[in-house]
Each structure stands twice: as C-alpha cells, then as structure tokens.
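Participant: Dropping the structure in here first, questions after.
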Amino acid sequence: MDVSRTEKKSNPLSSANLLSKVFFCCLNPLFRIGAKRTLEEDDMYRVLPEDESERLGEELQRCWDREVQQAAKDLRSPKLCKVLMKCYWRSYSVYGIFTFIEEVIKVIQPLLLGKLIRYFEGYSPGISLYEAYVCALGISLTTMGLVLLLRAESWHEDPGGHVSHDLPQGEVTIFLHYVWVGPVQAAGVTVLLWWEIGASCLAGMAVLFLMIPVQVLFGHLFSTFRAKTVRHTDNRIRMMNEVVSGIRIIKMYAWEKPFSALFNEVRRIEISDIMKSSYLRGLNMAAFFVAGKVVVFITLSVYALTGEPLTPSRVFVTISLYGVVRLTVTLFFPSAIEKVSETLISMKRIKVPSQELEIWKRFYLIYRCTASLSSSLLSTILGELPQEMGVVKVKGELTYFNAQKYEQVLHACSLKRDMELLPDGDLRVIGDQGSNLSGGQKARVNLARDQDGDIYLLDDPLSAVDAEVGKHLFEKCICGLLRKKPRILVTHQLQYLQAADRILVLNEVLVIVDDTFRAVLQCFTMTFTSLSLPKSEHAVAVECHPEGTIPVSLYMKYFRARAGVSLLLGLTVLNVLAQVSSVRQTLTILKSAVIFGFLRSLVLFNVLVNSAQTLHNRMFQGVLRSPIGFFDVNPVGEPSNFSKDVGHLDSVLPWTFVDFIQVCLQILGVIIVAAVVMPWILIPTIPLFVIFLFLRHYFLQTSRDIKRLESTTRSPIIYHLSCSLQGLWTIRAVKAQLRFQRMFDALQNLHSEAWFLFLTTSRWFAVRLDALCSIFITLYFCFAFIDLEAGGVGLALCYAVTLVGMFQWGVRQSSEVENMMTSVERVVEYADLRSEAPWELHRRLPPDWPGRGCITFDQMSFSYCAEGPMVLKNINAIIILYYTAKCNVGIVGRTGAGKSSLLSALIRLAEPEGRVSIDGVLTSEIGLHTLRQKISIIPQDPVLFTGSMRANLDPFSQHTDEDLWNALQEVQLKGVVEEMPRKMETELAEAGSNFSLGQRQLVCLARAILRRNRVLVIDEATANVDPGTDELIQKNIREKFKDCTVLTIAHRLNTVIDSDRIMVLDAGRIREYDEPYVLLLDRRGMFYSMVEQAGEGEAAALFQTAKQVTPADTILQLQTGFL
C-alpha cells in the first residue's frame, strides 16, 4: 500500500462555496469519473486538515493526559468515556441541536396536514383557500428544511472513526441524542394528541410507553449478549491471527483439521450469541412495523367508543403523529440504547498503557542456559518488564545496532552475498515477518538496522547463523564496528566467552554477576568443564479489489449458503402473507399481521446469520487449504481484515437486508392500495420510481468502488498495527516510535480518505433523494386539489408523504445492501482461493510406510511460488545407507543456502519440480496429510498456540497422559509443566509467550517424540539451547530415533559431526555430500573450511569426533587410497 504519494488531489470541500457544500456539488467530478471507469486510490482526495490522524491523535492524547492527572488526584482510574466527552462534546452538542430541530419539524408537519384536510372537510370554519395553500407550502418547505438539516448533521459525523476502530463508526453519533430526544418528543406528541382527540390518545400512548420498558429490557439483554459476543469475537480473531502467523507449522504437522474443528467450535459459540442479538433486533424491527397499526387501531377504537365523531382531519393527524413518535420510540430510541451499550463495552476494552525506560558499560557477555531468563533481563533493561525490587539505571541511548556507512554495515553483518543472491538486491520486498528470508538472514538484517545509539543489547543473534558467519559477525561487527560501544551479548556459544570484559552466567537463577573470564573459570571449573570449553588461547572465532457491479449470483450464494430452494420459497410466501395481513385493520387480521410480522423477522434473521456462519467457515477452509505461497505474499493484515467483513455479515447486513425487504413490501402494498382507491396517484409515482432507480444506479457506480477502496485501505492499518505490537520491544529499543507513528498516521489518513468519500458520497445521494421527495410532495398536493373529498385528500396526502419517504428509505437501503455485499464478495473470494494439492487421496499405502525411510531427490528444483526464483536447483541425492535401514544426514551451509527449503520441498509446502520419493513412493502421488503425518518435524521457528499444553502436544488426542508426561520428561520439561497451576491443562499465553524460546523448541521436540515416525527432520532445533541441553537432546534423538532416517539442519557443526552423511548446500545446490571424515580430508572443500572457522580447539574436537564415528574399514580404505 503506497502511502508516500506526493501528488494528492486537494479536498474539494476545503475550497467549495456554500451552495456546493450544501448540495455536495463539488463531488460531481468524482461521480463522472466513477461512471466511466473503476476508481483507484489516486482518485481519492486529501483528507481535510481537521480530520488528519496526527491532529486528532494529539488532541485526544492531550485530553487523556489531563484525565490521567485528574484521576491521580482523585485516586481513581482514568476513564476513556470522560476523555471522549471532553474532547468531542462541542460537535456532539451541535448535532443534538440539529436532531432536536429535525424532530420538531416532523411533529409540525402532521399539524399542517390536519389543517389542510379541514379545509376540504367543508364544515370546518375559519380556514380559507389562502390558508390551505399556506399549509401546503409549509409542508413542502418543512420537507426541504429536513433536507438542509440532514446536510448540516452530516458535517458532525466522524469522518474516519478516529477515536478507535473498536468503536462503531458513525452509528454512535447518529443515535446518541435520541436517548433524550425520544422521551421529549413522546411527551410533546402526547400533548398534541390530547388536544386533537382528547383522553383517547392515552390508550395508544400507553401501548407505546409500555414498549419503552420492553425496549430497555431489550437494550440490557443486547448489552449482555454483545459483551459475550465481543469476548468470543476476540477469541476468534486471536485464533485467526495465530493460524495465519503459524500456518507453516500447521501445514508441516498436518494440523489443519483439528484447528478447523476448534475454530468452528469457537465460531459456533460466537454465532450463538450473535443469533440471540439478531433475534432481539428482529423482535424490535417487527415491533416497529406492527406497533403503528396496533396503536392506531386501539386509539381510534377507544375514540369511537366515546361517541365522538371521526373526522378525516383527526384520523390522519392522529395517524401521522403516531407515525412520527413510533419511529422514535420503537426504532431510534432502542437503537440509541443498543449503540451506547456497544460503545461502553468497546471503551472498557481499550486500555492505554504507560511505559518507562531505564544500563551498564563495556562488553558484557551473558552466558545462558535454557529458561535462564536472559531475554527477560534485557527486557527489564529496556523497560519493557518492570522490576519488583531494586533499581535499573541506564545512561545513553539504547539500540540494537549503529552504522555510519551502508556498505560497512553490509560487510560487517555478512549481508553482501545475500544481497547479490536476492532477485532485487536490497530492494527486495520482505514478506510478512520475513517469511521469504531464512532464520540467519533475519537475524543479520535485525543486527544491521541503521540506528544511532550508545548501548547495544544483542539477544543471541549468533545462534541462527553457521559457525563461519557467526565468527564473521563477532569479529567484524560486535568486536569490530561496535568495539568502542558498551555491548551486552546474550549467547550460549562458549568460544566467545574469553573476549568479554565481564561475564554473567545465568541458569534458572543468577549464578554469578560481573566477573572476568578467569574468575568465572576458577569458580565454575566443574560447570564449564562439563560444557567442553574450547582450549585455544584466543577465543574469538499489496491487495487488489474486484470491479463492477455485484452479480446476482453473489446474492444467490449468500442466500443459498444456508437456505435451500424450499426454504427460500417459504420465506417468500411468509413475507407476502405478512404484508397482505397488514393492509386491513380488523381485529382478526391485525392478530395475523402481528404473528406473521414477528415470524417473518425472526426467520429472516435466522437464515441470514446462518448464511454468514456458513460463508465464514468456507472462507476459513479456503484460507487453510491455500498453498504457503499465498501467506508469503499476503501480510497478516489481509486475512485479519476479515474481522470487519465478518462483522458486517454477522450484524449489519442481516439487519439492513431485512429492513430493505420489509420496506420494499410496504412500498408495494401502499402502491396497490393507493392505485385501487385513487388511480391518479400513479401519475407522479411512476416517474418518481424511475428517477430513483436511475439515481441509484448512477450513485452505486461510484459508491461500490469507494466501499472496496475502504476495505483495501483498512488492511494495511491492521497489518501495521499487528507488526508494531509484535515488534514493540525492538521499536522502542531502536527509538523508532516516531517513525512508526508517522507510518500509522499516513495509513490512517489514507483510510480516512476512503471513509470520508464513503460518507460524503452517501450524503450526496441522500440530499438528492430528499430534494426529489420535497418536489414530488409538492406535486402530490397539486393533484390532491383535483379530489375535493376530505377523506380522499387525507388518504392521498398521507400516502404521498409515506410513499415518498418509503421510496427514499428503500433506495438508500438497497444501495446500502449492495455496498455491504462487498463484504460478502471478499469472503467468497477467499473461500474460492486456489487450493494446494488434496490432503488425502484414495491410493492405499502399507500401514508401516515408510518402512526404511529411504529418501530420493531426482533432478529436484524448488520455488515457493510459480513466479518466484528457484531456491533449490537440480538436487540429486539418495538418503539411506546400504548396510542399514536408517541414515542420519547432517545438512549444513551458509545462511540462505536453501537448507530449510529442502524440508519444504520434502513435505510439499510448495510443489517441487522433478521427483521426490520416500521408499519408492513419489510424494506427488499421495495426499499432503498422508505425507506430512508420516514425517516428524522439529521446525526452525518454534510455534505454540493459545490453548492447553495437552492440545499443543497432541491436538488429535491420540496419546495417553503417560505418553505425554514421558515425552515432556525426555525433553526436561516435565518439572516446568508440573509447576503450572493446572499442569497439562494449563492454558498457554498467546504464541506460548510464557515459555522461553528454548523451551518452545523443546516442546516441538516432544511433539516429534510422540509421533514416532520413521523419518525425522530437525531444522535448527537446538539453536536456542545451551550446549549441555543440546547434548542431552542429541542423546535422546539418537536413542529414540536410532532406527529412523534423520535429517538434521544445523549451524552448530558439533550437532551433525557424528552423522552418517554430511550434505553441504550453497546457493541452492549440493556442493558436497559424503561422510564427515571423508569431507574433512579435502582441505579445499567447503565443509573443511566451515570446521576451520570454529576455532583451533573446536576444529580439532570436530575432526576427532568425525574420525571416531567413521567405520574402521572406511578409514582403512581412505588410508590405502581406495576412496
């Protein structure tokens, strides 16, 4: 998403004249463009200065700071609600005044209508023809006044939802003031009705007032359901983010099905509460359509029983006044309660954290063991974790790296060759979380960030690189460019200890603080001897959007997602019956209208919400079945953006759709009745209908594209926020808060440009509809004078006002439905994503396959996507020993050489070219789950998911508790899990953040032990554990997988030096592949060079180990020259 455009169109509203602002004429050029072609981001206007993200954020921050200070004085917690009121009360108050005036005008119109009808009654004295014309003109002018008021109100709507995306955008502003306007209007209408029909009005008003406590109860219930829904929605979104972030692990382990089942269960619970809220909305909507008929029926019946004469003027004034107050009491007032409750819940969820930053000097080296809390120590120095005791003081600026010259940094961080290998060099676009970089490359890029600081905290950057690169980084960067700066390096690689000025040794507790290498060596001879200290004297070794109209097929997909043909026909019949029963006003038919009205709303909401659930499940399945390349090119913000689209499908679209259907049926009913009684009313109605349809078509050509742009500009905000939260410690450490804040403001402004256009174009449409309505109402009055019968005139005028209002609202809702259908469009688009190969095929394999674990690569090349470069080229290798059924192969090479890609090709994360077979079976001829479930994997990036430890170890529930505890014991995690509150059932934090990186790697090892497969792939499994734990893990692997084929990808050469074979990769090609001792005899070989880089003492130990594991006959043959 490009936010760095220098040439942006100035906002036309900033320089428009008054007339252009009133009628939004300044947007006409945009509509002309939208009618000719699809709108793009460059067509959007610059956001208005008063709506800029930075300005609004600073304004809200100032108010928040004052609230924090006041709360501290009052000994209470700061409240966001108070901040919002102090910050925006002026604009809200102005909007309240406009809302009140609007409702007053709506009440005046029925009074003018009554006076006009009295003129036609003939026996009403004192009303002249002149007064009748004045009343008719007054009704037309008040209608136009409503147009201008609506225009004025639009200036006080939130243009971009700047307060928070957690708040309902715009809806709070629209309905807020009806909390007090509703009761005031109800009281005023009661007085007017008393004046018109006397005490009989109390019967109807009693029904309306009885609905108020019902609406309050509905509001309370809705608030309860909404609070539950929000928690379930948070859970679903968190799970969605975890799935997208950990999709490689899910695919490696073939865990799609258990995650799908878990996700569907979370979604089912969420939909259950959403359905309850929807039923409440359905009941409220049905009450709105039924209440008017019930109230009028009761009122006029009581009035007739009193013996008073029913005149047309009284009847139609009563109907009109009840129509006004019914809209407020049964629709706007409960909507206000609903939206306010949603807002309060959202504000309770928003928390504003505070932070403090407060280190040492010289070169400190922290030697850590697994779970030694060394990363926590650095986090405390950074101020990210608060200390419970003591004081942390830091002088100087904190950073992870500083560089003066770009080329020097690239050389010091060993990135020159990587830049040469990347297709676009240093302009290469990095995927989400560096998905297209190896672990070593990500570590070096992180180290090379250009920041100017005084103190450097290096959290084990050497564990992700091989020995040669690690030595280069240590010499050229840590002890080279940074030699004059204070550094704190966390590591478990012993060869670097002697270069440190001070050493801290950390285990589960602090063992020793601030001492030299010799002192540490003297105090901990036993410890370091067991860890095999080296003996050398010198220790230094972007989202596209669809175009065009919403096709009818998409509507059919939406309805057919959960409703069959028979159910759709039944719904049609039910809607017709509900509308027909509402035409007549007898008691029996009124009862039928109430029953059918409520039943129609409930069934429609049920069908539409269930359709949303079905489409969401299909979308999730589509995402899960997508090849890994989809996630490499689409950032996490794209799938996470579904939260907004799914929210529309769950709540907004069903309500809008049901309202649109009911309004359309009412329009049809009114036209039929009016045409039967007064055929002439069709003369202005037909042109009105045609003009409305034309205007709707013209509006939607632009509105659809703007709505799509709003969706696509929202995704980068979510992605940026997600990345910022994940890398928050790094951002703060390198003092990049301002840069990231500016990026966020730029993205927010870009989205505000789209949201501003969405609001203003909607008002452009509304103003024109309202203007047309006022013109046609005037025409209706002219036609009314043709029929001088009072009842006919009253019916004509009431139907005119009603019909025009319904036309207007129906056209608006139809446009809103089509705009909302863009959310359905996006969900369906992701549901129809290109899938990877089938998870399962019908080919039957032997139950014990693979029995030998023989892996063959034949002319194999590999790329992560069809358009991407080949990361593996022409790989030919057979992984098995002829004299045994198993083979242990170590795979080494420089970072970025393609080691992890070999694993991806083996399990078909993307489809390789050439042939890959296991025990003679081509991997391309079996299902992906069949293949991946037969290969145990310990990945390079250990990923844990929110859930219990049991679920993280055994999501299929295939193992007993004894098996799980044994696996944890073998990886030395049993004691850690036993100390947890609920042991195996303890819920882990998000991404397993309450475990250290090394502990998470051990959990992955426990998963592999539980699977007991014949093929094991270890991808840098011990990079983040200390050498002692590494030795223990390797011992367990040798024992548990002694009869298996083991592929070990490693940077630590001592991890693979005892392998049966060593495969050396470089730039995606196999350079060497033989027994380790054989490779070490070639002094010009790459493997020999890598061993030499480890240091003299370490190299001698590696050479000796390689010789010990080599069969004696092989050594003899080498010595005699046969090999």
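Each position is counted from 1, following the chain as shown.
Heads up, the Cβ atoms here are built off N, Cα and C, so glycines get one too.
Features from TrEMBL:
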DOMAIN    172-341  domain 'ABC transmembrane type-1'
DOMAIN    269-533  domain 'ABC transporter'
DOMAIN    593-819  domain 'ABC transmembrane type-1'
DOMAIN    855-1092  domain 'ABC transporter'
TRANSMEM  92-112  transmembrane segment
TRANSMEM  132-151  transmembrane segment
TRANSMEM  172-195  transmembrane segment
TRANSMEM  201-222  transmembrane segment
TRANSMEM  283-303  transmembrane segment
TRANSMEM  315-337  transmembrane segment
TRANSMEM  563-583  transmembrane segment
TRANSMEM  589-609  transmembrane segment
TRANSMEM  680-699  transmembrane segment
TRANSMEM  765-786  transmembrane segment
TRANSMEM  792-811  transmembrane segment
Participant: Limited to the domain 'ABC transporter' (269-533), I'd like the whole-number average of pLDDT.
Facilitator: 67
Participant: Hey, would you say the transmembrane segment (92-112) packs against the transmembrane segment (589-609), going by three or more CB pairs under 8 A that are 6+ residues apart?
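Facilitator: Counting Cβ pairs under 8 Å (6 or more apart in sequence), the transmembrane segment (92-112) does not reach the transmembrane segment (589-609), since there are fewer than 3.
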Participant: Would you kindly list the residues that approach the transmembrane segment (589-609) from elsewhere in its chain, counting only those six or more residues past its ends and only Cβ-Cβ distances under 8 Å?
Facilitator: 271, 274-275, 278-279, 281-283, 285-286, 289-290, 293-294, 297, 559, 562-563, 567, 571, 574-575, 577-578, 581-583, 650, 653-655, 657-658, 661-662
Participant: May I ask for the residues of the chain that lie six or more residues beyond the transmembrane segment (315-337) and have a Cβ under 8 Å from a Cβ within it?
Facilitator: 103, 106-107, 109-111, 113-114, 117, 175-179, 181-183, 185-186, 189, 192-193, 196-197, 201, 204, 208, 211-212, 215-216, 218-219, 222, 284, 287-288, 291-292, 295-296, 299-300, 794-795, 797-798, 801-802
Participant: With contact taken as 3 or more Cβ pairs under 8 angstroms (pairs 6 or more apart in sequence), are the transmembrane segment (201-222) and the transmembrane segment (680-699) in contact?
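Facilitator: Answer no: the transmembrane segment (201-222) and the transmembrane segment (680-699) share fewer than 3 Cβ pairs below 8 Å.
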